[in-house]
Amino acid sequence: MDTFGKQMKESRSRITPTPHAWQEDKFEIPNSETRIASSTLASDTRGVGGSAGIGVSCGRGCFGLGPELGREGGGGAFRVRLHRAKHCVALWGNGDHGRLGLSSASSSNAASRWEPTVCESLAELEPIAVACGGAHTLVLTDEGRVLATGLNDHGQLGAEQLDTHQSQFVEVVRGLPSRCVHIAAGYNHSGAITDDGAVYVWGSNAHGQLGLGKKAEKLVHDPTRVEALRGIRVKKLALGAEHSLALSEDGDVLSWGNGSSGRLGHGRQSGPLRFFGNSTEFLPRLVDFFREIRIHDIAAGLMHSACVDFYGVVYTFGNGRMCQLGNGSSRGDIPEPGALALPAARQVACGGYHTGAVTRLGDLYMCGSNENGCLGFGYKHTDPARFPMKVEGPLTTQNVLEVACGWKHSCALTDKGQLFAWGWGGAEGSYSSDGRSGGGQLGLGNEFDFNEPTLVPVKSMKGVQVSCGFNHTAAIFKEC
């Protein structure tokens, strides 16, 4: 058995039920893994788009405080279930600020991990979604509980009493009145959707990206409901660097936050405002372009956005100077959604300056900047892609289910549970900040760049869902 498989077995064997552990109900989520739909910022990307958001539908469950959990500080000991968890969370990449949640020390300079490493502190929980932000990570359990770790300098972990960083996962308990079914992480803000379709946000609001109105605080530490969305059942969030998207159950798209570069999709400003670029939207605003189009998926990147309608048509808008809009142009900003020449798609993800789309046939298409090989076209094709191009090589014979995009790295998950990664491995890049950021976010045992999809060597486990942050990655695995 490989090291990763042993980690999983050992972490499960240490589970010791407590007297007050779920003795009356054992919640089972039927087919929960097949009902996960993801987009990134991404993610952003680093949350920058990659991470975008992860949409999850849960079955019966419960959210609340056990006798051993206190609200103060937003954390506490985790309750223990009597039945064995079926899935685990593994994380890898840059470990500073505690974003991996793998360290028992309080230091903000936790070691990077070059290979997927099981988070043993979550071994007693059943994770169903993970979302990577700029330097923080969120996990959603089948009971509707949200846990967070990493940088907290903007309140992105959801508790004012916490330090500026956390090196282990803590539960987000203040302000969430009911069970959550969806989580999303942006660069330094976070969001969740409860089972009644309500949206709660926290973290940085410097550009109105929380959608709480013009008078709201610039930093919001505790989960706060977006009142402007009351009456609208939201099923998915996509959080970028400084903007946010929401997808309603009716297929409508709303956007808010920093409107520069046209990333909100509201078209060009009229009157004198047209000389000053696109304005900030402090409240969620319906994207009129999609008023007669039912949208299926959304994604938010650093300065661009993407949507997929129910026919599989992909639309992009925002900053296109690195060809990330896939419309054949790199001339600048596109403030209104435009359709791409692409086979029918089912999922889309936005990274720093690149975009990925998975078709209904299981093929992966990428466009945008190809810095560090993040498009996966191989070492002979390193130029930007102005139009979406099919990723072949090792993925030629694979049926891709999901793509995730980080700042300059990408991951794909197949129907066999195999995980492929490529792009920036964490070594010094072309930006000065890259050299100060430890890596290993590809999970390939080093910090090298890979220009084509490369299988992440994880045996005895199958991938269920993946999310890319700025330069870290997290995934949910199940035992084979």
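Positions of Cβ are set from backbone N, Cα and C atoms, glycine also.
Checked against TrEMBL, the range among 1-21, 253-273 recorded as region 'Disordered' is 1-21. Broken down by DSSP into helix, strand and coil, the repeat 'RCC1' (417-479) contains 5 helix, 27 strand, 31 coil. Sorting the repeat 'RCC1' (251-311) by DSSP state (H, G, I as helix; E, B as strand; all else coil) yields 12 helix, 23 strand, 26 coil.
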